[in-house]
Amino acid sequence: MHRNLPAFVLRATRNIQTSTASLSASFNGVIPTEKIEKRYTLSSGPGGQNVQKNATKVEIRFKVSDADWLSESLRESLETKLAHRINTAGELIIDSDRTRERHLNVADCFDKLRSAIYAIEAEQGKRQTSEEDEKILRENSCPNKPQNVSHIQRAAVATQHRLQDKRRTSEKKASRRAAVEL
């Protein structure tokens, strides 16, 4: 796609992408692959002899503190939420050996990273519910259903609905048989 463009144009667009990503508060989905280290190792998954010959397991890593393509709040949240994936050098490590193809595992790693960033971003943006909100939600959840119905009564109603569905299905099949026999 970018093969026909001169090198200075590619560098300029990358710089623009990273500078806009660091200025904006939200993540735009662009992960600069040149700033992320990729490692390939032998996989332990399916593949027969392919497992011993080809390094298809992929591990991507980058220093979270140096990720200028993320906002400061996202970097801090990544460090806290994904602390179990960060090593002592401060590198976030994501790996994948889901498939037998190296390029699919690379894509899976970047998808995992992108999904984690989106999840953290969504969590940052969501509003904290108050006691009043919870009370309103409880009151308005099912206005027609009485609040103090026991689990035995619910089970009896569920059984009645199941039996009605069975009767309807058997009647439908019986009508099909009657049409075929004529």
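In case you wondered, yes, glycine gets a Cβ from its N, Cα and C as well.
Just so you know, TrEMBL annotations never went through curation; they're auto-generated.
Each residue in the compositional bias 'Basic and acidic residues' (162-182) gets a DSSP state, and the totals come to 20 helix, 0 strand, 1 coil. Annotated compositional bias 'Basic and acidic residues' per TrEMBL: 162-182, in sequence order.
For 30-167, the entry in TrEMBL reads domain 'Prokaryotic-type class I peptide chain release factors'.
If you look up TrEMBL, you'll see 159-182 marked as region 'Disordered'. Remote same-chain residues near the region 'Disordered' (159-182) are listed as none (criterion: CB distance under 8 Å, separation of at least six residues from the stretch ends).
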